[in-house]
Amino acid sequence: MQTFGEELESLRAAGLFRSMRLVEGEQSSRIILDGREVLLLCSNNYLGLADHPLLKEAAIRAVERFGVGSGAARLVSGNMELHFRLEERIAAFKGTEAALVFNSGYAANTGIISAIAGRGDLIFSDRLNHASIVDGALLSRAKVIRYSHNDMVALRRLLEENRSTSGRRIIVTDGVFSMDGDLAELAELAALKEEFGALLMVDDAHGTGVLGEHGRGSAELCGVMDRVDIHMGTLGKALGSFGAYAAASKEIIDYLVNRARSFIFSTSLPPAVLAASIAAFDLVDSQAGADLRKGLAANSTRFKDGLENAGFNTMGSETQIVPAFVGGAAETMKFSRKLLDQGIFVQGIRPPTVPVGSCRLRCTLMATHSQADVDRAVSAIAHVGRKLGVTGC
């Protein structure tokens with residue numbers, strides 16, 4: 001049996017060792033990283049709301065009125081007025097009867113999936129779904145059937161083969177796939193769930209606030225808002241705050257209150273976070289929010305086109321998440337370091353986050369990037385790619 005130290009050395013030798021960098025000050029398009037200003041190209045703060053004055057003001061007012069902490073789990077004494085106000089806001093935003101907030105996206109997915117599925121049930125999960133979906137499915141003890149990425153023919157065959165099951169059939173997918181930036185085939189998934197009597201759950205962590213005419217997410221973009229049974233999303237990405245949610249029928253939300261262990265056994269979100277999240281939804285619903293979405297879309301297109309013109313494989317990206325394929329772990333991390341030398345901070349993505357041989361730079365655009373920022377980033381990536389001999393992968 002290897003010691004912990006030996007396992008860590010194995011990770012270092014394979015180019016898979018991870019460590020944390022220090023970010024000073026606010027999250028914006030430029031940050032102070034380990035004491036140096038850099039252009040940020042790997043944040044999920046897509047609309048730039050994490051340091052928005054309206055969110056900060058809402059958080060400060062909430063602390064002054066409600067204090068810092070919530071004190072307990074919501075089923076004990078930690079259920080506050082702001083929890084209800086935020087959940088009502090989310091339900092209205094998503095067009096559902098009710099909503100429930102969780103402490104993180106990971107807690108939401110593990111809690112929801114392990115609550116709604118169990119022994120005798122079937123979970124159909126896209127192979128590129130987020131790790132929190134994978135872990136939630138494993139915790140549920142249901143039978144998990146993974147289908148090839150966005151392969152609706154394969155999914156139909158699997159549903160047909162398991163049509164006679166007496167348990168629940170649940171289709172779970174990312175709305176936007178977090179490492180490739182492409183979209184789920186939500187219209188086809190909705191049709192399949194209706195044909196086979198399944199439930200459809202969509203993790204829209206990277207679509208909420210960003211996609212669709214009103215920022216409702218990938219389901220709005222695909223025209224299936226009312227055909228998704230459980231909308232899951234996060235408050236800490238485009239919305240600039242913290243936490244996550246499920247939006248669904250009142251029956252499903254009541255069920256989660258009674259069965260989702262990550263909700264039941266967690267101290268509830270604090271007032272500042274709740275108030276900032278409410279302010280974020282208000283902003284997303286405003287003309288200012290529409291302008292931010294428009295700016296983000298323009299930046300994403302400009303960046304993706306620039307990388308592709310430089311010969312990079314952007315792996316089918318359709319969103320603000322734009323990968324630049326590299327291949328090996330060591331090469332990818334060297335690429336990331338060389339970019340940092342030029343003042344561009346973008347993380348290399350390695351196994352187990354992505355399969356062996358598919359390492360990439362996961363670049364993420366923000367509405368607050370200028371055109372000059374975008375062009376500078378493209379130029380730096382193209383330059384380093386040529387020097388390392390990975391352009392055109």
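Cβ atoms here come from the backbone N, Cα and C positions, even for glycine.
What Swiss-Prot annotates here:
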type: BINDING; residues: Arg18, His130, Thr353; note: substrate binding site
type: BINDING; residues: Gly105, Tyr106, Ser178, His206, Thr234; note: pyridoxal 5'-phosphate binding site
type: MOD_RES; residues: Lys237; note: N6-(pyridoxal phosphate)lysine
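Note: the CA-CA distance between Gly105 (pyridoxal 5'-phosphate binding site) and His130 (substrate binding site) rounds to 10 Å. The most densely surrounded of the recorded positions His206, Lys237, judged by C-beta neighbours within 10 angstroms, is His206. Put simply, His206 is the one of the recorded positions His206, Thr234, Lys237 whose Cα lies nearest to the Cα of Thr353 (substrate binding site). According to its DSSP assignment, Thr234 (pyridoxal 5'-phosphate binding site) is in a strand. Remark: Tyr106 (pyridoxal 5'-phosphate binding site) has Ala131, Ser132, Asp135 as non-local neighbours, by Cβ distance under 8 Å and separation of at least 6 in sequence.
Other Cβ atoms within 10 Å of the Cβ of Thr234 (pyridoxal 5'-phosphate binding site), summed over all protein chains shown, number 25. If you check the recorded positions Arg18, His130, Lys237 against Ser178 (pyridoxal 5'-phosphate binding site), the ones with a Cα inside 10 Å of its Cα are His130. Candidates Arg18, His130, Lys237 (recorded positions) were compared with His206 (pyridoxal 5'-phosphate binding site); those inside 10 Å Cα-Cα are Lys237. Recorded residues His130 (substrate binding site) and Thr234 (pyridoxal 5'-phosphate binding site) have their alpha carbons 13 Å apart, per Cα-Cα distance.
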